[in-house]
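Only one structure is covered here, and it is reproduced in the block below.
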Amino acid sequence: MSDTIAAIATAHGVGSISIVRLSGERALEFALKLSHKTKLTPRHATFTKLFNQNNEIIDEAIMIYFKAPYSFTGEDIVEFQTHGGFSVSEVLLEELVSLGARLALAGEFSKRACLNGKMTPLKALNIQDLILSKSALAAKIIARNMQGNLGELLEKIRTDLVKTLAFVETSIDYADDDLPSDLLEQISTMCEENSKILKEIYTLSQSKKGLIEGFKIAIVGKPNVGKSSLLNALLSYERAIVSDIAGTTRDTIEENFKLGTHLLRIIDTAGIRESKDVIEQIGVALSKKSLEDADIILAVFDASRVQDKEDEKIFDLLANTDKKIFWILNKSDLENVFKNTQNKNFIKLSAQKDITLLKEELQNYLNSFDSEGIMVSSLDLINACKISSEAIFRAKGLLEESSLELFAFELNLAINELARFTKDFQRDEILDEMFGNFCLGK
């Protein structure tokens with residue numbers, strides 16, 4: 001990390017300011033050359049003109065120097081706040097490169113912060129998730145995670161496991177000395193408690209992932225029951241073609257919309273029925289796949305049509321799902337001839353006139369999800385918690401069987417999984433993969 005890196009840290013486009021970030025051993029040197037200053041006071045904003053090597057002015061900017069180790073990366077950092085737009089920040093970046101800086105890789109500033117012990121990989125992931133959060137509720141949950149509760153909990157578990165492993169490996173080295181029975185009981189209890197905590201984290205995160213990622217809602221029904229009209233009503237604009245011709249929607253249509261504080265991804269599916277049309281068959285297959293991926297299902301039926309075999313197929317399709325289903329009887333402003341033989345609690349509405357009741361029911365259901373507690377948005381971390389929990393659970397069983405070598409193996413597996421997120425981690429290839437999806441300048 002001896003080279004000095006530079007990147008534009010703000011989004012590209014027209015705006016009032018752009019920020020160019022510089023980090024490394026020569027950051028201060030480059031800043032002094034650009035500004036024609038002889039010194040900079042750390043953590044002070046300096047208004048200055050910036051010049052290229054031909055002594056031509058680049059811009060007037062605010063320059064802030066953060067002296068190592070008291071900076072985001074732990075290295076010397078200089079941030080330049082220039083006028084916004086496409087050109088000025090690019091010209092400044094080119095000038096920094098000509099002075100000897102290197103263009104930063106995606107996420108390289110955060111990677112250096114981790115390698116220099118300024119943050120854990122877990123906090124870096126939380127920062128990235130916060131940047132990418134799609135709703136106020138998601139941002140709130142992620143910001144809470146950033147306060148350290150999750151990191152402290154995982155580090156405590158990892159530390160417990162390391163201490164336990166030390167006891168057990170000592171016992172393996174000195175095979176004649178058995179572990180005391182009271183210590184064995186303590187270790188068994190520790191394994192049980194920590195496995196349970198990690199299991200709660202990953203199960204809670206999976207069950208409530210919609211609070212962060214957005215809930216997926218699939219609209220399903222036979223052709224021509226008003227699914228596309230319902231989609232348009234939820235979006236409050238005409239997104240899907242509405243026609244009396246059955247089979248108009250042959251592909252899935254997906255759109256995002258917000259309901260209160262919740263981000264929703266709604267999917268209008270092709271009408272499910274038997275068809276010889278190859279294209280329509282593909283659409284029906286996609287519809288069934290959408291149901292598997294959905295968190296919530298809106299099952300739509302037509303109040304103005306007598307229940308038939310195609311309706312029965314919808315009931316059968318949804319009979320064994322564990323997804324939340326809202327049963328909707330559309331076109332209820334017309335003569336109602338649909339017989340509720342399945343005794344479903346239908347929401348009666350007209351998608352072309354008023355869906356207020358459905359929105360209220362949806363919002364009440366979404367609000368019932370408790371946003372408190374520890375939730376993880378990173379799939380990698382969810383998997384790490386799952387792997388660690390299962391390894392510790394297996395270790396407990398092996399301890400009871402006095403298989404100490406295998407116990408140590410399982411504990412090592414759990415420790416290594418947690419260590420990727422809770423402590424300074426030196427395996428560059430894994431960090432490269434982790435931070436490769438970050439923004440430039442972050």
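Quick reminder: no glycine exception, Cβ is built from N, Cα and C everywhere.
Here Swiss-Prot flags Arg21, Glu79, Lys118, Lys442 as (6S)-5-formyl-5,6,7,8-tetrahydrofolate binding site. Per Swiss-Prot, domain 'TrmE-type G' is recorded for 214-367. Sequence annotations record features per position, and here Swiss-Prot assigns GTP binding site to 224-229, 243-249, 268-271 based on sequence analysis. The K(+) binding site annotation in Swiss-Prot covers Asn224, Ser243, Ile245, Thr248 and is backed by sequence analysis. Marked as Mg(2+) binding site by Swiss-Prot on the basis of sequence analysis: Ser228, Thr249.
Overlay of Swiss-Prot feature records on the structure.
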residue : record                                              : CB count, 10 Å
Arg21   : (6S)-5-formyl-5,6,7,8-tetrahydrofolate binding site : 23
Glu79   : (6S)-5-formyl-5,6,7,8-tetrahydrofolate binding site : 22
Lys118  : (6S)-5-formyl-5,6,7,8-tetrahydrofolate binding site : 19
Asn224  : GTP binding site                                    : 19
Lys227  : GTP binding site                                    : 30
Ser228  : Mg(2+) binding site                                 : 22
Kindly assign Glu79 ((6S)-5-formyl-5,6,7,8-tetrahydrofolate binding site) to one of the three DSSP-derived states: helix, strand or coil. strand
Rounded to an integer, what is the Cα-Cα distance in Å between Arg21 ((6S)-5-formyl-5,6,7,8-tetrahydrofolate binding site) and Ser228 (Mg(2+) binding site)? 48
Give the distance between the Cα atoms of Lys227 (GTP binding site) and Lys118 ((6S)-5-formyl-5,6,7,8-tetrahydrofolate binding site), rounded to the nearest whole Å. 51
